[in-house]
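Inspection log for the structure reproduced underneath, given as structure tokens.
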């Protein structure tokens, strides 16, 4: 038997956690995610957004949303751009581990849509220009995974 997640958002409720840090990028990621969700028939009233100060706070907010039992998937959006110190490496690693852990412990699809880039230019490219919109891609993954888990 094959299981496959359909790309129809009808009847899905989606939570989104967005970092305010680098909001000139994360705002574009959020717009891309919401656009894809609505285009795939997720009702706008069934999309909830939680804003957090920075990427490091994303896993905790994602966990709280997941634990409510209200959502079929949670999308995490943020942008970490390398600076002159090792702070970037710690933040990227901890956010990725934290988001993965939330998904593993709750059994809910928690989609990693956090950009980890070397430069501002790379972030801009991934937020709706040359390299597409990673927020939109995260929304597609959320719809597919939510439906896949419903079919298993």
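Cβ atoms here come from the backbone N, Cα and C positions, even for glycine.
Here's what Swiss-Prot has on this protein:
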- 21, 55, 56, 57, 79, 80, 81, 112: 5-amino-6-(D-ribitylamino)uracil binding site (BINDING)
- 84, 85, 126: (2S)-2-hydroxy-3-oxobutyl phosphate binding site (BINDING)
- 87: active site, proton donor (ACT_SITE)
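This view paints the features noted in Swiss-Prot onto the structure.
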residue : record                                           : DSSP class
55      : 5-amino-6-(D-ribitylamino)uracil binding site    : helix
80      : 5-amino-6-(D-ribitylamino)uracil binding site    : strand
85      : (2S)-2-hydroxy-3-oxobutyl phosphate binding site : coil
112     : 5-amino-6-(D-ribitylamino)uracil binding site    : strand
126     : (2S)-2-hydroxy-3-oxobutyl phosphate binding site : helix
Problem set entry | binding-site residues compared (55, 81, 84) - highest count of Cβ atoms within 10 Å | 55
Exercise. Closest to residue 79 (5-amino-6-(D-ribitylamino)uracil binding site): which of the recorded positions 85, 87, 126, going by Cα position?
Worked result: 126
Exercise. Max Cα distance spanning 84, 85, 126 ((2S)-2-hydroxy-3-oxobutyl phosphate binders), Å?
Worked result: 23
Exercise. Between residue 112 (5-amino-6-(D-ribitylamino)uracil binding site) and residue 84 ((2S)-2-hydroxy-3-oxobutyl phosphate binding site), how far is it from one CA atom to the other, in Å?
Worked result: 25
Exercise. Helix, strand or coil: which one is residue 21 (5-amino-6-(D-ribitylamino)uracil binding site) in, per DSSP?
Worked result: coil
Exercise. Quick one: Cα separation, residue 84 ((2S)-2-hydroxy-3-oxobutyl phosphate binding site) versus residue 21 (5-amino-6-(D-ribitylamino)uracil binding site), in Å?
Worked result: 17
For this session: Enumerate same-chain residues with a sequence separation of six or more from residue 57 (5-amino-6-(D-ribitylamino)uracil binding site) and a Cβ-Cβ distance below 8 A; give 'none' if the list is empty.
Result: 19
Exercise. Measuring Cα to Cα, how many angstrom lie between residue 81 (5-amino-6-(D-ribitylamino)uracil binding site) and residue 87 (active site, proton donor)?
Worked result: 10
Exercise. Judged by the number of other CB atoms within 10 angstroms, which among 79, 80 is the least packed of the binding-site residues?
Worked result: 80
For this session: Consider each pair of residues in 21, 55, 56, 57, 79, 80, 81, 112, all listed by the record as binding 5-amino-6-(D-ribitylamino)uracil, and report the largest Cα separation in Å as a whole number.
Result: 16
Exercise. Looking at the recorded positions 21, 56, 80, 87, which has the shortest Cα distance to residue 126 ((2S)-2-hydroxy-3-oxobutyl phosphate binding site)?
Worked result: 80
Problem set entry | Pairwise Cα distance for residue 85 ((2S)-2-hydroxy-3-oxobutyl phosphate binding site)/residue 56 (5-amino-6-(D-ribitylamino)uracil binding site) [Å, integer] | 16
